[in-house]
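Asker: Dropping the structure in here first, questions after.
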């Protein structure tokens, strides 16, 4: 599959798909419109009547028993990468693209410059180099202008500081803590918005685990 896009994510499915998984993929398609480097596409396979796209399914080893099947095609690479996670959600699909390509899909409350730093921080195990990345994030935080971006930038910096202090397990622990607070406590709308922003930013630290 040749494409002018850096990455093309394709869902092979029935000709008339429906259900939760189809809706999650539709969310990815909506988010993907923000990226000029990503094409989100669907191939509807009809194994009766005119047998639409059956040849494409056979070409890429897709069988209807496994519908929906998601594959990521990268520019300059012949073989696609299979999405094999059992967590079929927009976030999981988004992280699948991000983990396997250099394509960035914007997410609410997340900032690309900081997500790029996170990508390097997570795979870096040397503490001195991690400290340097924290300093880079702090410098980047001084550049943001809007109140919303300042809030997000502060969250990124705080998480990086805590990871240096407590280790990588902090991410899962903090996500569980914040989610629990949102479920159990009565919060003001402003507080809910801030905590949701934190959960959204934490997702940027989790995609390497997929």
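Note: Cβ is positioned from N, Cα and C throughout, glycine not excepted.
These came from TrEMBL, pasted as-is:
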- 2-106: domain 'ERp29 N-terminal' (DOMAIN)
- 110-205: domain 'Endoplasmic reticulum resident protein 29 C-terminal' (DOMAIN)
Asker: DSSP helix, strand and coil counts for the domain 'ERp29 N-terminal' (2-106)?
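Answerer: Its residues divide into 33 helix, 24 strand, 48 coil.
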Asker: If you average pLDDT over the domain 'ERp29 N-terminal' (2-106), what do you get?
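Answerer: Summarising the domain 'ERp29 N-terminal' (2-106) by its mean pLDDT gives 92.
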